[in-house]
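Visitor: This structure is in structure tokens; I'll ask about it shortly.
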Amino acid sequence: MSNDSIHWEARYLPAGPPRLLGWNVPAEELIHIPEHWLVYPEPNPSLHYLLALLYILFTFLALLGNGLVIWIFCAAKSLRTPSNMFVVNLAICDFFMMIKTPIFIYNSFNTGFALGNLGCQIFAVIGSLTGIGAAITNAAIAYDRYSTIARPLDGKLSRGQVILFIVLIWTYTIPWALMPVMGVWGRFVPEGFLTSCSFDYLTDTNEIRIFVATIFTFSYCIPMILIIYYYSQIVSHVVNHEKALREQAKKMNVDSLRSNANTSSQSAEIRIAKAAITICFLYVLSWTPYGVMSMIGAFGNKALLTPGVTMIPACTCKAVACLDPYVYAISHPKYRLELQKRLPWLELQEKPISDSTSTTTETVNTPPASS
């Protein structure tokens, strides 16, 4: 069935049966929409409006949270450490991920592909840059945490090394956004209710299948493996360290080898382990649905991918942009102190960190990390 015939049938259905997706799309724009979506009934307008309101909430929370992170980390001298440059890079990714949501919101309030292919390409390019950039930054933060905690004497990255890492992150990320928009490999197309856009995972060609498998490997699997590996190593290191301390204390006939300052920090190592689990969970929760959906579209049963189902992964990806600033930075004591200093009306009541805190604790208090 050709795009033109689908368009004709959608416009001239007799009164009674629901209109099909794409009924209000100009004929010249239909070529940009995978035929898969054009056989589904148009959703109730209230679903469009509900999603638009949800995205307005996501946008407000993400811009506020990530904007505060960028402001505080750049303004506070005590927070301008090499490790925190990764946190700022992640906040920039999450901030700009939500900059594109007005396109989705406008399309939703107009119940369809209102901004056309140009809006779609802008939406997808920004989404690819920020989504893949955030994934690789998460992996870099995992390595930084592992290196700092496992090798506290010589494992900390210098400012120059972190800058090099960030340059490499964007060098790795940018081609995945440019290739589809320039028509070099893959393409960006509308999906779901035709209000959002992503890379094409539905067209039944070898080129698209290879592209989907490649981007799935390089933008999802590799960061995921690195994150899980480095955080599992952190947890293993913490467990072994605690075990060694207990055994040494037993040999010396004392209850603990920790100083009062370390005791009052309430086992910072445990906080690292908890942060690690949270980070892995958030990454899996936010990006796995999208990864699974794209693989089903390219290699599985496409009938499983209804418009409503495909809107769920899009929402989970946006939700994590709201959560990242809270997991990475707002739980960070030094960040909270600086926030309290600049915005006292928040009444955070964060206690100043003692200078006598152990090396391990200081390592932990580099911003706790998050998909």
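The chain as shown is numbered from 1 upward.
Placed from the backbone N, Cα and C atoms, the Cβ positions cover glycine too.
Quick paste of what Swiss-Prot says about this protein:
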type     : residues      : note
TOPO_DOM : 1-52          : topological domain 'Extracellular'
CARBOHYD : ASN3          : N-linked glycosylation site
TRANSMEM : 53-73         : transmembrane segment
TOPO_DOM : 74-84         : topological domain 'Cytoplasmic'
TRANSMEM : 85-105        : transmembrane segment
TOPO_DOM : 106-121       : topological domain 'Extracellular'
DISULFID : CYS120-CYS197 : disulfide bond
TRANSMEM : 122-142       : transmembrane segment
TOPO_DOM : 143-161       : topological domain 'Cytoplasmic'
TRANSMEM : 162-182       : transmembrane segment
TOPO_DOM : 183-209       : topological domain 'Extracellular'
TRANSMEM : 210-230       : transmembrane segment
TOPO_DOM : 231-278       : topological domain 'Cytoplasmic'
TRANSMEM : 279-299       : transmembrane segment
TRANSMEM : 303-323       : transmembrane segment
MOD_RES  : LYS318        : N6-(retinylidene)lysine
TOPO_DOM : 324-371       : topological domain 'Cytoplasmic'
Visitor: Quick one: do the transmembrane segment (85-105) and the transmembrane segment (210-230) reach 3+ CB pairs under 8 Å, ignoring pairs fewer than 6 apart in sequence?
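Guide: Output no: the transmembrane segment (85-105) is apart from the transmembrane segment (210-230).
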Visitor: Using Cβ atoms only, state whether the transmembrane segment (303-323) and the transmembrane segment (53-73) have three or more pairs under 8 Å that are 6 or more apart in sequence.
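Guide: By the criterion, they touch.
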Visitor: Among 53-73, 210-230, 279-299, point out the range having the most Cβ pairs under 8 angstroms from the transmembrane segment (122-142).
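Guide: Most Cβ pairs under 8 Å with the transmembrane segment (122-142) come from 210-230.
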Visitor: Is it the case that the transmembrane segment (162-182) and the transmembrane segment (210-230) touch, counting contact as three or more CB pairs under 8 Å in which the residues of each pair are 6 or more positions apart?
Guide: yes
Visitor: Among CYS120, CYS197, all listed as disulfide-bonded residues, which has the most CB atoms within 10 Å of its CB?
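Guide: Output for this query is CYS197.
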Visitor: May I ask which residues of the same chain, at least 6 positions away in sequence, place their Cβ under 8 angstroms from the Cβ of LYS318 (N6-(retinylidene)lysine)?
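Guide: LYS318 (N6-(retinylidene)lysine) has long-range Cβ partners TYR55, PHE58, ALA62, MET97, MET98, THR101.
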Visitor: Mind checking how the topological domain 'Cytoplasmic' (143-161) divides into helix, strand and coil residues in DSSP?
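Guide: For the topological domain 'Cytoplasmic' (143-161), the helix, strand and coil counts are 11 helix, 0 strand, 8 coil.
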